[in-house]
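Enquirer: Quick one: the structure is below, questions incoming.
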Amino acid sequence: MADPPGCCRPCATCLLCLYSCQWITAKKEKKKGLHTTKCDCSWFFFLFWVFLFTLVWLYFAIIILNDFHNFNEFIFKQRKLWLDWSLVLLITTAVLVTYSAALLVLALCLQICGQPLKLHWLHKALLILTALVVAAAFTGLGIKWAEEWRSAHISLQATGPFLHFGIVGGMTLLAWPLASFIYRTSNTGLKVFLLLVYCAVMIALYLAPLGITSPCIMEENQLPPKPALVGHRGAPMLAPENTLMSLHKAVGCDVQVFETDVMVSADGVPFLMHDEELTRTTNVQAVFPERAALNSTAFNWTDLQQLDAGSWFLERRPFPTVQSLSAGDRYRVTEQRIPSLEQALEAAKQSNISIMFDLRPENHSDYQSFVNATLEVILQSGIPLQQVLWLPDGFREQVKQQAPGIQQVYGRKRLQNEKEPLLRVNLPYQDMSSEEIRQYRQDNISVNLYVVNQPWLFSVLWCSGVSSVTTNACQVLKEMKHPIWLLPSSTYLMIWIVVDCISFLAILWAFLLVK
């Protein structure tokens, strides 16, 4: 084994042994006549592809964290098992990325040192397993959570410029092992092919900013006002959702609207509850074990008042923030009960915030009576009607007639030739593009998008000009005084040119130096 340039013999031997899982000394390698075969090259390209595959999945995993609480709730409804599956996702993804990245670094170092790429069969099996696991994850995402593809598209508006710089840097570093391989191989056809592919990729990357768009590429004086915050079921990271404590915590986060869900008890009392069953957010299994699986509307108000609506928050810890609660807050959590709509309206009136709600379940046979009971409580509460935002579509015209002061919020986009112009819409953040948000803003239509928890997403929507966002993380978004990043187009253009020039010069240097 000739001493390769820039590599000491022990280092080269260690690299080869880690990659091949065999202790191969210089004497043994010379005796065996080891060299990189076409099969070895194929496995190297497969390794490179698996690394990119896992890296893309890591990006997706980070993006879908914004919506992962919904996944946790879905699993609980299906299996009655609560676990923060985001930790499982991140740990598994980190292991897969780290493993494939470590193998790739070993392979590149071996190539620079002029050593054969003899990948052990165990590594081959694990790489195939890694590819299958990531493929299964992408397939499951496409089948059960297809809207996350749109989330990924939106995320590129926040990360696009930085991903471009990072990929250019990575491909530039790849020039060193590529140059080493090209100068050592005697296969002219393979040399030409690799050079053409590499040049085509680099040219595409150098021109990529022409296709990168982001609402945050703008001048400072063009930045729209910060979106108002709507507390999703209150402040569910700081207190049990849909409780009075959650409402008061949301007020402390400067939210302007308390978003909640209303159901009506068997004896006609509207109360706050999101799930159709009480099992996730109360101790109904302990108090009424034989009735735990019943719909929330099957319980009368006296029964509902016996339930603890707070202790589950400390037991299951739906968010990591639960661990940082003070002793006083922990005690208050255990005192929480299911609030009636009347109590919530009184708290909203005293706190001078608006309240927006859905009325569930929409397919109930007594839904009209639910609407009547809810309207009656609102009209008797004394809250200014302009502070009430009505989301349900069922019997909306009746609501307009009986309480014309209530603000109507629609869960759809406006239609062509709309008879009555929409003033407020409430939609998933994936359903509106930056261009649509700007157009609605120009037409004085208030746009609220849900559920927005991550600062990167809030920044993109802020730059787009959205009116408000519904969030679980009001305590985080409250502290944001500015989008995460804002670049004038002239500055971005200058950075783009500088990065591309440095990359081009570094690639030329790599090929000249290795030669």
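Here the Cβ of each residue, glycine as well, is placed from N, Cα and C on the backbone.
As annotated by TrEMBL, domain 'GP-PDE' applies to 227-481. Residues annotated as transmembrane segment in TrEMBL: 41-65, 85-113, 125-143, 163-183, 192-212, 493-514.
Looking at the shown structure, what environment does each listed feature sit in?
Expert: Beyond the transmembrane segment (41-65), the same-chain residues lying 6 or more positions past its ends with a Cβ under 8 Å from any Cβ of the stretch are 71, 86, 89-90, 93-94, 96-97, 100-101, 103-104, 107, 117, 119, 124, 127, 130-131, 134-135, 137-138, 141, 145, 148, 151-152, 155, 454.
A Cβ distance under 8 Å defines the sequence-distant neighbours of the transmembrane segment (85-113), meaning residues of its chain 6+ beyond its ends; these are 4, 6-7, 11-12, 15-16, 18-19, 44, 47-48, 50-51, 54-55, 57-58, 61, 65, 68, 71-72, 75, 119, 123, 126-127, 130, 133-134, 174, 176-177, 180-181.
Long-range contacts of the transmembrane segment (192-212) within the same chain, counting only residues at least 6 positions beyond its ends with a Cβ under 8 Å from a Cβ of the stretch, are 156, 160-161, 164, 167-168, 171, 174-175, 178, 181-182, 492, 496, 500, 503-504, 507.
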Enquirer: Who are the chain neighbours of the transmembrane segment (493-514) in space, where the CB to CB distance is under 8 Å and they lie at least 6 residues beyond its ends?
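Expert: For the transmembrane segment (493-514), the nonlocal Cβ contacts are 161, 164-165, 168-169, 171-172, 175-176, 179-180, 183, 202, 206, 209, 487.
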